[in-house]
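Here Swiss-Prot flags Pro91, Ile92, Gly93, Ser94, Gly95, Leu96, Gly97, Ser98, Ser99, Ala100, Cys101 as ATP binding site, drawing on sequence analysis.
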Amino acid sequence: MVKVYAPASSANMSVGFDVLGAAVTPVDGALLGDVVTVEAAETFSLNNLGRFADKLPSEPRENIVYQCWERFCQELGKQIPVAMTLEKNMPIGSGLGSSACSVVAALMAMNEHCGKPLNDTRLLALMGELEGRISGSIHYDNVAPCFLGGMQLMIEENDIISQQVPGFDEWLWVLAYPGIKVSTAEARAILPAQYRRQDCIAHGRHLAGFIHACYSRQPELAAKLMKDVIAEPYRERLLPGFRQARQAVAEIGAVASGISGSGPTLFALCDKPETAQRVADWLGKNYLQNQEGFVHICQLDTAGARVLEN
């Protein structure tokens, strides 16, 4: 039996639409991510467990984990009879890389079960392909950090899909999921087809400056450059209370904030534990919409997807 855990991720990070993402893990040791178990069997089966299992498609073939198994078998050119279990701990349509968690855990577990026939680059390419079936287009800003850990910059040149960018140990990521769903496809459809020249220039300046600040170890500069002119101005209307929440967390002391992925999760970056706690308390009282919502204080998950049992 192989059991694989794949962590939540926060894509875009305001400054890097479709090209930046970070894997995150709660500082209290809780597992924020999905778990997939694979064991040898006579025929294929898939069992869904976990807090959000009831939100998965009722038709098994529509389940992305089934599609991962099917695509992996196709890649190897043979049927691999296994019993798979998905522990769906991540809310769907949350902006925390929920579909990436399931895809990464499923494909990594299948690869481990079969003795690692695929290398990491090929596996990551498959992960992007499968996750793209849900989000509507192939982009690696959730699957790459979820699989490899840390903060990842998408390269997609020279046979390199992504490379790690150094993060800052003192940064704490407060993630507030309000409990409502925003579909990635819907959030992409709301974006303009073309952008003004000054927005393109600002976006390039922010992203280049942010990467420079990470490598030159300037956390204050990096945080200041986490601005979004590409998606947030258009997407914030999908998120009730988002604008007020951003203002409030800035006043409390967050060094940056924005939409995690396509939302509705809000991320707030803090450089002191006491600030992070105050931000988390405010968001818990004011940004959550229902009982499904949650707030976690997280740090970068540098390990990425990992085998829990083998």
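First residue shown is number 1, and so on along the chain.
Glycine too: its Cβ is placed from the backbone N, Cα and C atoms.
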Which is it, of Pro91, Gly95, Gly97: the one of these binding-site residues whose Cβ has the most other Cβ atoms within 10 Å? Gly97
Nonlocal residues around Cys101 (ATP binding site), in sequence order (Cβ under 8 Å, 6 or more apart): Ala6, Pro7, Ala8, Ser9, Gly33, Asp34, Met90, Cys146
List of residues, in chain order, with Cβ under 8 A from that of Ser99 (ATP binding site) and at least 6 apart: Ile64, Ile92, Glu131, Ile134, Ser135, Asn142, Thr184
Using DSSP reduced to three states, classify Ser99 (ATP binding site) as helix, strand or coil. helix
